[in-house]
Amino acid sequence: VIARWCVLFSHPADFTPVCTTELGRIAVHQQEFKKRNVKLLAHSCDKLQSHTDWVNDIKSYCPDIPGDFPYPIIGDDTRELAIRLDMLDEENQNNPDTAMTVRSLYIISPDKKLRLAMLYPTSTGRNVDEIVRCIDSLQLCDRLKVVATPANWTPGTKVMILPSVTDEDANKLFPKGVDKVTMPSGHNYVRTTTDY
C-alpha cells in the first residue's frame, strides 16, 4: 500500500450473517473510502475459494453494491497473519488451527503507521459511518496539526484547538472565529472553531 491510507479489517468467518452485513455495507460505502484515498483489505481465516464463493451472497444481500465487489479479501487459512496481527479470539487462541478472528480493524496511514485500532467482539457488527468519521478526523488532524476532534464530531462541526496554541496564534490561524468556553475551574482550555 503506497501513498494511500489503508483499512485492514478481519471478520470471524465467511457465510455468517453479521460478517455478510459488514462486508456488504463496507462495499456499499466504497466510494466514500475512495474519495479519502483509502484502500480496503478484508481478512479472515477462510480459504480464498471460500471468499470467492461467499462474495455472491454478500452482493445478493446488499444489492446496492455498485458493480463488482470492490476490495480483496485475504485468505489466511494458516492463520499466520491473524497471529502476527493479534486478531484471534482470546478464548480460542490456544487452538490456532480452529480459532476465528475477532472483528479487528486497523487504519494505517500512507507512511505505514498504525493510526487507529478497533476491536469488536464477534457478536457486534461495526458501524461503517464511524469508520469513515475516524478517517475524516485523522486526515483533518494531519492537515491541521493544531486541532483535535471532540466526541461525536462530524465534518463541518466544531473542532477543538489544542491547548498548546496561544490565543494570538489561534486567532491568526482561524480568522473566521474562535469560540472560547469559560470553565468553572478557571482553566480556559476549551476553544473551538468551524474555520477549517
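The backbone N, Cα and C atoms fix where each Cβ goes, glycine too.
Quantities reported herein were computed from a predicted structural model and do not represent experimental measurements.
Marked as domain 'Thioredoxin' by TrEMBL: 1-140. Marked as active site, cysteine sulfenic acid (-SOH) intermediate by TrEMBL: Cys19.
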*Mean of the pLDDT scores, which run from 0 to 100, over the domain 'Thioredoxin' (1-140)*: 94
_Other C-beta atoms that fall within 10 angstroms of the C-beta of the residue listed as 'active site, cysteine sulfenic acid (-SOH) intermediate'_ = 22
